[in-house]
Amino acid sequence: PRVCVVGSGPAGFYTAQHILKHHGGALVDIYEKLPVPFGLVRFGVAPDHPEVKNVINTFTQTAHSERCTYYGNVTVGRDVTVPELQQAYHAVVLSYGAEDNRVLGIPGENLPGVYTARAFVGWYNGLPENQDLKPDLSCETALILGHGNVALDIARILLSPLQLLRKTDITDSSLAALACSKVKRVWLVGRRGPLQVAFTIKELREMINLPGARAVLDAADFTGLESAVKDAPRPRKRLTELMIKTALEKPVEMQAAAACREWGLKFQRSPQEVLPSADGRRVRGIRMALTCLEGSGDSAKAIPTGDVEELECGLVLSSIGYRSLPLDPAVPFDSQRGVIPNCSGRVEGVPGLYCSGWVKRGPTGVIITTMNDSFDTAQSMLEDLQGGVLDMSPSREGFGLVESILRSRGVRPVSFSDWEKIDAAEVARGKAAGKPREKIVDPAEMLRIIGH
């Protein structure tokens, strides 16, 4: 069977890995719109979390299999359509992730000084489309809307001592901008309470231990929570206990004197409006509706109480989630939920079409969640092969057919060995600067390096 996977992030690579491992004859082609692979591992994982990027070694092994081929610089839906891929392959798996962000839907969210977490993370991680972001870091107070790991990542990058960031693969231009940053206070604001935060204990601990920054948590926010989490699952219990301990701890005098920066968590506040400065040219604050919680645990709903408060800030980052977009009119898409309707990865009503990762289940979970999810989709496809659901009678040309389509449209794919040349150039540039790598952020420059 010839199988095509669209997207070279964790979902794409794990799907390919499972198929190659459990079917001795399958040939898998991976298509990626950028010249460079690895999706959110390269462009989403924080620069100071290099250990999370070690999965790249596994993905590289998969790409080196003689039954796997990588085609970068090919945008499915534009350069080649999904029906054209279905003509060329026995099975097509869509693993292209979530390339958009959820909007706040409030007045003022388009003011200068308001950025999505996705764009900000893309900016410091070298995602080509976010290279011209130039965030204004000239204010003292930044406000992040959201209580997930991405929100904590951003807070950590904004407040980290430069000597820590200099040793990472953060881009040169964002390092220069952070060196001039005036931001010294970061509030992380959520609509619900401490029991509903979505970040994990590892990320919280990193924030608490960040050199030169102190945590400002209000003990009143945590009253009575110790008994409330007695019977909660262990991760939730430990996370809540760490927040309570941090809220109640009196800072050691010396530490307090050394900390010139601070961060804090604010709960039960829902953004109503981003407030403009007097000249209307930028952000001066945000108006929040105070909320009360109906229900308990993860399903608790935040209901506005009618009270409001204003918080002053010169920088607003909305970290309220990513969103998948429809790729091709031929593929069913549930725009309410932002996913492709599917059952165990089988796209509803389209035999031979599958999906995995965030476009399958929504933008939640960590790399390990995506791994299990992708194995599940690959397993569905292998079962369909065995059960004769997939029509194997016509021989499919695979890339042979796609290549002629791409050539007719003036598109030249990038191979995995091309990527390895870009990789080597990045590592060499990084070495010269004392970093693990210096990412190349301009696709045109990537293509020049490989003589494209």
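Positions of Cβ are set from backbone N, Cα and C atoms, glycine also.
Feature annotation from TrEMBL assigns domain 'FAD/NAD(P)-binding' to 2-158. According to TrEMBL, the FAD binding site annotation covers ALA11, GLU32, LEU40, VAL76, TRP358, GLY365, VAL366, ILE367. Residues or ranges marked as NADP(+) binding site in TrEMBL: HIS147, GLY148, ASN149, VAL150, ARG191, ARG192, GLU203, GLY365.
Sequence features annotated in TrEMBL and their locations in the structure.
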residue : record               : CB count, 10 Å
ALA11   : FAD binding site     : 31
GLU32   : FAD binding site     : 26
LEU40   : FAD binding site     : 21
VAL76   : FAD binding site     : 22
HIS147  : NADP(+) binding site : 23
GLY148  : NADP(+) binding site : 20
VAL150  : NADP(+) binding site : 24
ARG192  : NADP(+) binding site : 19
TRP358  : FAD binding site     : 29
GLY365  : FAD binding site     : 14
Candidates HIS147, VAL150, GLU203 (binding-site residues) - the one closest to GLY365 (FAD binding site) by CA: VAL150
Lowest local Cβ density (other Cβ within 10 Å) among binding-site residues: VAL366, ILE367: VAL366
C-alpha spacing of VAL366 (FAD binding site) relative to ASN149 (NADP(+) binding site), in angstrom: 10
Among ASN149, ARG191, GLU203, which are binding-site residues, the residue with the most C-beta atoms within 10 angstroms of its C-beta: ARG191
Integer Å distance between the CA atoms belonging to GLU32 (FAD binding site) and HIS147 (NADP(+) binding site): 31
Mean predicted confidence [pLDDT] for the domain 'FAD/NAD(P)-binding' (2-158): 97
Residue among binding-site residues LEU40, VAL76, VAL366, ILE367 with Cα closest to the Cα of ARG192 (NADP(+) binding site): VAL366
VAL150 (NADP(+) binding site) and ALA11 (FAD binding site), Cα-Cα, nearest whole angstrom: 19
